[in-house]
Amino acid sequence: MYDQPLIHLLRLRNTCRAPNDPSVFLDQRTPFIVDNAIYGEIQRQRGILRIDQNLGLDRSTRGIVSSFASSNALFRQRFAQAMFKMGTIRVLTGRSGEIRRNCRVFNNGR
């Protein structure tokens with residue numbers, strides 16, 4: 001039996017060694033298409049970034065990964081909603097905004 005995560009790691013290391021272009025697509029299956037393929041890769045423990053792979057491992061996000069992996073229609077619907085919502089965000093600068101240590105609460109406890 002092959003160790004698929006190890007094989008994937010070795011393939012990535014070989015790809016990343018390329019001296020001319022060190023970039024790697026986060027979605028190895030369909031890099032030029034906005035779809036749910038990356039979630040299937042995460043379920044197969046083939047996420048490129050550790051933070052992506054952790055989405056499939058963490059109890060609080062594992063169900064979302066599973067839902068998106070099994071339904072491209074659901075992924076596309078939620079992706080469109082998120083893009084629309086992000087388009088309405090007013091960027092706060094200077095003292096008006098803050099970089100939160102915990103995204104769920106204000107830093108000063110407001």
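Just so you know, glycine gets a Cβ as well, placed from its N, Cα and C.
Since this is a predicted model, take the numbers as computed values, not measurements.
For reference, TrEMBL has these:
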type	residues	note
DOMAIN	1-107	domain 'Plant heme peroxidase family profile'
BINDING	D27, T30, D35	Ca(2+) binding site
Original post:
Ranked by the number of other Cβ atoms within 10 Å of their own Cβ, which of the binding-site residues D27, D35 ranks first?
Top reply: D27
Original post:
If you take the centroid of the Cβ atoms of D27, T30, D35, the listed Ca(2+) site, which other residues of that chain have their Cβ within 8 Å of it?
Top reply: R29, P31, F32, I33, V34, N36, A37, I38
Original post:
Could you give the number of helix, strand and coil residues in the domain 'Plant heme peroxidase family profile' (1-107) as assigned by DSSP?
Top reply: 59 helix, 0 strand, 48 coil
